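J.: Not my notes, these are from TrEMBL:
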TRANSMEM  149-171  transmembrane segment
TRANSMEM  177-199  transmembrane segment
TRANSMEM  233-256  transmembrane segment
TRANSMEM  276-301  transmembrane segment
TRANSMEM  358-377  transmembrane segment
TRANSMEM  397-422  transmembrane segment
TRANSMEM  500-525  transmembrane segment
TRANSMEM  537-562  transmembrane segment
Amino acid sequence: MNPNQVYQSGLKNSKVNLADAKAICLMECPNPAVDGLNFICDYPEGDIRLSVDDWINRDYDYFEFLTPDMRNSSLQLQGPCYPVIFPTVNVYWSCQFIARASNVSLKHWQQMGGVSIDENILIDKTVHKAIDSRSAVLKRYIADIGKSWPVFIVCGGILPVFLSVIWLLMIRYFVAAMTWVTVVLFNGLVISVTMFCYIKAGWIGNDPLTVVIGESDPYVHISGREISHLHTVTIFMTAVMIIAFLSSIAIVRRILIATPVLKVAAKVIGEVQALIVFPLVPFFILAIFYMFWFAATLHLFSSGQVIRNDCNIDCCSYDLKLGKVNCDNCCGYSIHYTPHISIAILFHLFGCYWATQFFLACSSTVIAGSVASYYWARGEISHDIPFLTVVSSLKRLMRYSLGSVALGSLVVSVVEWVRFILECLRRKLKFVGSARESCFGKATSSSSECCLGCIDWTLKSVNRNAYIMIAITGKGFHKASVLATGLIMKNILRIGKVNVIGDVILFLGKLCVSLFCALFAFLMLDTHKYKSAHNKISSPLIPVLVTWALGYIVAKLFFAVVEMSIDTIILSFCQDAEEHQGNAQYAPPLLMETLDEQSDLQRLTLDQGP
């Protein structure tokens, strides 16, 4: 309300904080009168006998009802009424001053004996700096998440379940064509999402992201950090689109290798049909867990101590309740977290990641147990396969293997958090001059990050295979890890290419589901509901990214059926061959043909090499 406070908060070494400046909430942003001077007056209280409705109907102006003391105080820019000298525009629900004073209103103000008002462009810069600060942008992004909860339910919950089940059914009945459909669909979805980013970035079409809410002067150009973030993501998606297209061309000739293995997995799904619907169990468990986790998160983040800030600045304003000018409460409040709360928040975040990994690992182990039962009963005792193989595998997990799964998920979580902490330290060291100039520091930082990344990838791969061997042999985590690694190393030439190409196709399938969810989220957020009034989001970027992440997690749950089926069959094949002097006795004929063909090809290559 006081333009001089805005100006002073932008001066160097000023103790005035714009967030603590005198402010009130209005229905819409005010603008100067064409032929006079308007005032914006404080909420009607005390001696001001006006209802709130009357105050709004009078455009918040009751200057004519002020007592002489109140008028004199208002002319000193201490309220309760303040002049409307500058036009304002609604930028993210905050009326931002445009440092272009109305000559007519300013002349009337000076004729009334009002104090001098600064007209410097610093007013523009100060308000923009506050609105565009990192903390303000973070708050708006979090608010966007709160406003977009219907999008998360539809695009991050219901849609990925539907698409994943459809994909599993297509793999079951049209496995030969699904590899090609997945590659083509992936490229189409990447292009579509990239085009949406271009539209919102303002580089294509006439519907760019804007920071202004409602009508505004077309000659007033206001940028925001959200737009810069969207431009960065658009450039990134362009690079992804190009890489995806070139990679698809590169793997076209190798796609046929994955088809036989996918056919075997499809046959398993057809025999053990409960595998198609089993991922709904961990899906609902994770959904309930996240609900409680988010509730606990809100309580943790709101448990800090609210303390009034201590400062020495002049921010006096007229208090209608007291009937005099009051110079207290100038510095606002801040939230302080005790070390115990900070540690609790970090543990809470770590617990979320560990629990997520644990539930995913349990799901993988149950699927592996079901597929292993199918593989090892393919001989004379195939009729002994129970109808509810999944239930039997779940019982074995709960009774014998829960501790091993918890240990494996803990190891991955710890390594991930070590990477996260080191990354935070590396970013902080960038601001230190010596670290920026030291080549040794750069090399140490990059090498440690690379090593931890390799360790993390290796652990995730070993863990997944360990869960399979736990389901096959019933051994503990450490023994199962050693056994799985030994089997893979002995048969690396036989199974390597088949497994890698199969994993690539499944990874593209998960990306297809998550990208389709992101595309649908873009369409929902582009409707009038999320582009106007209080439901307007500052940027679709964060809601779309959250939707993509949720879609990928759900897809990972369902695609784990095929993924774990392939890995379990291959490891069972290796274990079968190990137990029968190199000749697997229980392998399906189609799998035998594929793996024997790869083995012969590798043997010929090795023989001709020297």
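Every residue gets a Cβ built from N, Cα and C, even glycine.
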J.: Is it true that the transmembrane segment (177-199) and the transmembrane segment (500-525) have 3 or more Cβ pairs under 8 Å, skipping pairs fewer than 6 apart in sequence?
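T.: Touching, yes - the transmembrane segment (177-199) and the transmembrane segment (500-525) meet the threshold of 3 or more Cβ pairs under 8 Å.
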J.: If we skip the immediate neighbours and take only residues 6+ beyond the ends of the transmembrane segment (537-562), which ones have a Cβ under 8 Å from one of its Cβ atoms?
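T.: Contacts of the transmembrane segment (537-562) (Cβ under 8 Å, skipping residues fewer than 6 from its ends): 92, 137, 140-141, 143-145, 147-148, 151-152, 155-157, 159-161, 163-165, 167-168, 171, 200, 209, 211, 224, 226-227, 229-230, 233, 262, 265-266, 269, 275-276, 278-279, 282-283, 286, 356, 360, 363-364, 367, 506, 509-511, 513-518, 521-522, 525-526, 530.
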J.: Between the stretches 149-171, 276-301, 500-525, which wins on the count of C-beta pairs under 8 angstroms to the transmembrane segment (233-256)?
T.: 500-525
J.: Hey, which bits of the same chain come close to the transmembrane segment (276-301), Cβ under 8 Å, at least six residues off its ends?
T.: 157, 161, 164-165, 168-169, 172, 269, 341, 344-345, 348, 352, 355-356, 359-360, 362-363, 366-367, 370, 390, 553-554, 557-558, 560-561
